[in-house]
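Asks: Sharing a structure with you now.
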């Protein structure tokens, strides 16, 4: 299999820049497929001087760092100009391989999908595509003053939907969005829920994790992990915590934010923190590797995901696997990742007072919080990556047997 993840590398640290759940998804899926006997070669754009041409994250998986454009990170909006160059370089790399061919292509995100259409036609092999996010869906939830996703992206995604042999969606809701917004054929969509690394994200003693992470033993610890951008909604959680603190000064509040700024540079989270009167209780840290992230999840009383749009929300699944309840927006894949009222709370909308209510309810009811944590860990056990790989592999087989290449 040839994987295309051109705008971001699966070797990048999630939570930094454009790296997020998709990076985890691409790498974990590739590793799980390799365990099933599928050789996976991932193509991504080289973004730093001295980067090796090939990296090996695990047996049966390699990552090709493709030379195209300057060896530095570029805004996603500039990458379409490099697509033809990347296609040429990927084909050159293919010709250097002993096997010289791939059975199919699996592209991730629209930039890779557009390149995938060209490579699919060039190689005579089918294209399987996963959107991860969709322009038309994101444009429905824009906040005032936010720049919409460009028409070029919408048109590119439409071409991908029309030309791919199969589409892999994270949830039934995402499949419905592909049909309603892009006119996708439901018979060509396979739903493969993402997984979680159940060897890393496991429950453990909260007090021990708090000691490791320097969290006070008896504080009410709220955690946000993700890219710092409006779409992920950290400003909603900060405003809600500010309301909660004014409402309940008796609560020993402690807040941790793990992640770095992504996208628009004018988004100033520190301004929201200071405006809410929370500067003395918020600790902002850079993103961390998976084992450390799991320890942070275990140290929290609740993990928050106030996203405006999520195709799935891997953070929610990882937190639950650690035995921590999640409060999240009732949107996209989060409504599937979380069992409302059992493993966490789904909040309709983004009104800070509604979020403050949810957090206050969990603070006041320790027993419910603990019960949710236990149920959350059990719930997450059904989301292993091998299940994702099995469904995705069947999608590849359907694509190859149909021998569908891009239709013009």
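From the backbone N, Cα and C atoms, a Cβ is placed for every residue, glycine too.
Copying in the features that Swiss-Prot gives for the protein in this structure:
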type	residues	note
BINDING	7, 18, 19, 20, 21, 22, 23, 76, 109, 133, 153	1D-myo-inositol 3-phosphate binding site
BINDING	13, 14, 21, 227, 232, 288, 310, 318	UDP-N-acetyl-alpha-D-glucosamine binding site
BINDING	297, 298, 300, 324	Mg(2+) binding site
Asks: Using C-alpha atoms, which one of the binding-site residues 23, 109, 227, 310 comes nearest to residue 297 (Mg(2+) binding site)?
Replies: 227
Asks: Centre the Cβ atoms of 297, 298, 300, 324, go out 8 Å, and tell me which other residues of that chain have a Cβ in range of the Mg(2+) site.
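Replies: The answer, listed by sequence position, is 206, 209, 223, 294, 296, 299, 303, 319, 322, 323.
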Asks: Nearest to residue 227 (UDP-N-acetyl-alpha-D-glucosamine binding site) by Cα distance: which of the binding-site residues 7, 23, 109, 153, 324 is it?
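Replies: Going through 7, 23, 109, 153, 324 one by one, the Cα closest to that of residue 227 (UDP-N-acetyl-alpha-D-glucosamine binding site) is 23.
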Asks: Which binding-site residues are spatial neighbours of residue 23 (1D-myo-inositol 3-phosphate binding site) here, meaning Cα within 10 Å, out of 13, 298, 300, 310, 318, 324?
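Replies: Neighbours among binding-site residues, in sequence order: 13.
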Asks: Specify the nearest of the binding-site residues 7, 232, 288 to residue 298 (Mg(2+) binding site), where nearness means the distance between Cα atoms.
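Replies: Closest candidate to residue 298 (Mg(2+) binding site), judged by Cα separation, is 288.
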Asks: Cα of residue 109 (1D-myo-inositol 3-phosphate binding site) to Cα of residue 13 (UDP-N-acetyl-alpha-D-glucosamine binding site): how many Å, rounded?
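Replies: With the alpha carbons as reference points, the distance is 18 Å.
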Asks: Would you list, in sequence order, the binding-site residues among 7, 21, 153, 300, 324 whose CA lies within 10 Å of the CA of residue 318 (UDP-N-acetyl-alpha-D-glucosamine binding site)?
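Replies: If one measures from the Cα of residue 318 (UDP-N-acetyl-alpha-D-glucosamine binding site), the binding-site residues that come within 10 Å are 324.
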Asks: Please give me the CB contact count at 10 A for residue 297 (Mg(2+) binding site), counting all chains in the structure.
Replies: 26
Asks: How many Å lie between the Cα of residue 153 (1D-myo-inositol 3-phosphate binding site) and the Cα of residue 232 (UDP-N-acetyl-alpha-D-glucosamine binding site)?
Replies: 20
Asks: For residue 232 (UDP-N-acetyl-alpha-D-glucosamine binding site), identify the closest of the binding-site residues 7, 21, 300, 324, judging by Cα separation.
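Replies: Closest by Cα: 21.
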Asks: Which one is it: of the binding-site residues 7, 21, 300, 324, whose Cα lies the shortest distance from the Cα of residue 288 (UDP-N-acetyl-alpha-D-glucosamine binding site)?
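Replies: Going through 7, 21, 300, 324 one by one, the Cα closest to that of residue 288 (UDP-N-acetyl-alpha-D-glucosamine binding site) is 21.
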Asks: Provide the number of Cβ atoms within 10 Å of the Cβ of residue 288 (UDP-N-acetyl-alpha-D-glucosamine binding site), excluding the reference atom itself.
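Replies: Total other Cβ atoms inside 10 Å, all chains included: 17.
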Asks: Sort the binding-site residues 7, 21, 300, 324 by C-alpha distance from residue 13 (UDP-N-acetyl-alpha-D-glucosamine binding site) and give me just the closest.
Replies: 21
Asks: Looking at the binding-site residues listed here (7, 21, 300, 324), whose Cα lies nearest to that of residue 310 (UDP-N-acetyl-alpha-D-glucosamine binding site)?
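Replies: Comparing Cα positions, the closest of these binding-site residues turns out to be 21.
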